[in-house]
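Colleague: Here's the feature list from Swiss-Prot:
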type     : residues                                                                               : note
ACT_SITE : Asp162                                                                                 : active site, proton acceptor
BINDING  : Pro111, Val112, Gly113, Ala114, Gly115, Leu116, Gly117, Ser118, Ser119, Ala120, Ala121 : ATP binding site
Amino acid sequence: MPRLVLASAPAKIILFGEHSVVYGKPAIASAIDLRTYVRAEFNDSGNIKIEAHDIKTPGLIVSFSEDKIYFETDYGKAAEVLSYVRHAIELVLEEADKRTGVSVSITSQIPVGAGLGSSAAVAVATIGAVSKLLDLELSKEEIAKMGHKVELLVQGASSGIDPTVSAIGGFLYYKQGEFEHLPFVELPIVVGYTGSSGSTKELVAMVRRRYEEMPELIEPILESMGKLVDKAKEVIISKLDEEEKFLKLGELMNINHGLLDALGVSTKKLSELVYAARTAGAIGAKLTGAGGGGCMYALAPGKQREVATAIKIAGGTPMITRISKEGLRIEEVRE
Ligand code: PMV
């Protein structure tokens, strides 16, 4: 059995279809070039120990035994991340039918609560590292499914798209737990972070309340979102040239943002960044992820620098990132 395993998993952006995906509609998402690293090793205490030194919140150290959690430093938003890690470790121990002390240490380049799938990435990287440590052979699909289970345990509701993209990587069309690889398109995008974060759990619950109160209004919005995703898929797999593809995708992004705004998940800041990006020459811009803060992204062929500057002037943090082909990666195994 290995003595130490280091695994990493990427962030994602939902290109089209967040929220409607919770209602069984399709979505398109892609892994991006920001990663969470999890190092797993055995310990003699018999407990699960979690250290998170840099998860874009003040550093913290936490350990817990079966019924107690000890926070050794200030944790803030990061506490949410920890429940993903804890459930991930427990699921793997259950799967391996083992009760043993495991320590994990986390570092991450992904801002927490920004709609970039930081929770799923940490869950997937943890499952990847701990399962390898325990000599459990799991496929990436199985790891994605376990990541989805972790999200359901922590959030209550989840489509499973985040852990799937994080485990598998690349460009995926996702519907009801099944995914399909789409041809890889190198999209010239800029991600803009509002600097504040929304709670996926609360936003999903808020949309659910609206849906239950006014199904005759909300159902057609969700339907429309589903159809829009299928149109985007047609464009991506079509033989159109790159420029035409970008134009059509940009238009669909703008419509998708409007529909998300109608659901109530955009914020003034998100829409300001979206409009600033469009004014600076982006073909399309929309919020990505759960909303309520977090991130937007813009499609800006030949205009990435201008759009990044506009996002900055509008008070956001721009990130020029790349779509990533790779999902979960085992970085190091020490015997
Ligand atoms: O904000 P994120 O990265 O957690 O994305 C949430 C996406 C939703 O569609 C709103 C929820 C889900 O489970 O798919």
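Numbers run from 1 along the shown chain.
Even glycines carry a Cβ here, placed using N, Cα and C.
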Colleague: Give the subset of the binding-site residues Pro111, Gly117, Ala121 lying near ligand 1, defined as CB under 6 A from any of its atoms.
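Modeller: List returned for ligand 1: Gly117.
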Colleague: Quick one: Cα separation, Asp162 (active site, proton acceptor) versus Ala121 (ATP binding site), in Å?
Modeller: 8
Colleague: Radius 10 Å, atoms counted are CB only; among the binding-site residues Pro111, Gly117, which position scores highest?
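Modeller: Of the binding-site residues Pro111, Gly117, the most buried by Cβ count within 10 Å is Gly117.
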Colleague: Using Cβ-Cβ distances, find the residues under 8 Å from Ala121 (ATP binding site) that belong to the same chain and are at least 6 apart in sequence, listing them in sequence order.
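Modeller: Expected: Ala9, Pro10, Ala11, Lys12, Arg35, Thr36, Ser108, Ile110, Asp162, Ser166.
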Colleague: Suppose we draw a 10 Å sphere around the Cβ of Ser119 (ATP binding site). How many other Cβ atoms does it contain, all chains included?
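Modeller: Excluding its own Cβ, the number within 10 Å is 28.
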